[in-house]
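Here is what TrEMBL says about this protein:
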- 1-22: signal peptide (SIGNAL)
- 28-107: domain 'Inhibitor I9' (DOMAIN)
- 132-589: domain 'Peptidase S8/S53' (DOMAIN)
- 141: active site, charge relay system (ACT_SITE)
- 218: active site, charge relay system (ACT_SITE)
- 550: active site, charge relay system (ACT_SITE)
- 668-764: domain 'Subtilisin-like protease fibronectin type-III' (DOMAIN)
């Protein structure tokens, strides 16, 4: 310790050469320094202040500039700097990265039965009740509504784990003495980044709570999805009626409020607040982190993002981090949160529909999707009566026209084009009684709206519009209250909004990793917040429907908590491997899962390895463990030097932090999936698996589905495990057989022992057309 401190004080004196006067255009920056080698939070903060003072006129100016000191499990700070100061800090010894703090976005019952975690004791042992007591799940979101029944203590819940070091922080309408319990054991909030970007939180003009209490509802929804207690008779005005619970209802909950509502009720998540939450959560003792937020593309380098830095250090401490994959689908290469040390989750549907019948003059019957608890009656009308050019947009509203009271307006998404939010706002402006929104069947996702809204596809919408045009007068329309239908629709189907691969940042790592339920998910909601967040919406609910990868992410977090509880010594990579290799790719009709936004079969860029299977993931048979050497290889490949890697990676006996002299691609990282983004000639890849099954003496045999135009060889074809040999390696040789450029093909490698099926997606892009005509032949002769 003394040697460290002496070294740092010497560094402070040498850094004085970098002194720079402040200029009047500061921004919020994050300065990342790697591991915390001092191991004393107070000394670490002093070091940060001293380092920062080298670019300010005085140490007092530096203290006023600093917003956060990240001083527990990693080292860094955030401060208001001008570009010159930031550049100077980036050049200083010991600094790994300096980057502008950005604002990130949130990626916003039946689902647990659908994935196999039923509470019906006649069907299966309720594993949700057998595990989780000893696991703490940290939710990074908009806070919590503590009065919700989802956060009441489960019966016979044990005392809070002795390893827990977190706390519940008092604030506006949040009293730790009454709001925290053996279920909700931690609650913090982080406001500095939000206020730097948006000004002071106005308690008069903004309904937000300056505390861990949730206003936006997103955090309450995701937390109850991941670890909510068992609550019977949960519904949204009778829709989706059933028993609500999280994936791990006995797990403990720690809330880190990092996202806030601005004046437009949009969520704002500041990176400096996110990194502060990571710093606290890692120190508090969480086991799982669920984070349903992310940046919009283009992607920045991983260590120039709060999510990349925070999740990297979480992984090193044995903490699994699950992220939402993003809601930028269905176009390719827009997946976010792509670090190989975390889990990226896509979103898909469950086998539950909310069918809503539309009757026009009692002669035309159309079945749409909606969340409509009461009947709607009115006159069917075309938008051209109220909006210029028939485009359902508030800007096109013809003020001189009559009010649309008593009318149900038919709006097509292709007119304009028009987004659903625009159409809802438009018909509300016109005071219409309802909206029939027409969009492609592959993009339909019903949502709770301020105006009663029914979603129909183009075939149905065309029938309605033709009937309307052929009617001599406005036809009468009657919309029957929605009915919940279970088990009648093929599921899962990938949501059209779910972000797709390949990763634009790490193309040799398959992302998303898996998919999980994320469409029309019913979960807890703040009692004082309307289901639509609209100030004019006077409805108040305890449960609400939401869709997004924000909803699928906590499903994986809940399952990860069960796995961690059942296997407390498993690393984050083992947990991720169990989820990936046991995922399935068939829907409830035993057909291939479809990709929403298209009519095609889903591929690994849509669903990763497939849909999560919690029961299988608890007993995966084999796991692919990523070791320190794998992460070092990855860091080398993204441009970090041995000196920087030494500052970032926890010391591990016998592990060399230097980069390999012969370059190796990220394909060689021991990831459960295999992705080759640029196969030009024959190459061989190594993978290592560990037997975690109950049978220590067992043999696994390989089965291969070859990607089109690629020969695949595996050696050995059998893996023999025993009490004395729990790890085995195998080699995969890929040989291109076709001329191709930029086209991905898909296959799989499966290891079978008669009980377990350990499946790895095989994703290959053959790039041979820029080679000479005989390149493939030459490669073949050299094998």
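Placed from the backbone N, Cα and C atoms, the Cβ positions cover glycine too.
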Residue 550 (active site, charge relay system): tally of other CB atoms within 10 A of its CB: 31
Pairwise Cα distance for residue 141 (active site, charge relay system)/residue 550 (active site, charge relay system) [Å, integer]: 10
Secondary structure content of the domain 'Inhibitor I9' (28-107), with strand meaning DSSP E or B: 28 helix, 27 strand, 25 coil
Residue among active-site residues 141, 218 with least C-beta crowding, 10 angstrom cut-off: 218
Segment confidence, the domain 'Peptidase S8/S53' (132-589), expressed as mean pLDDT: 93
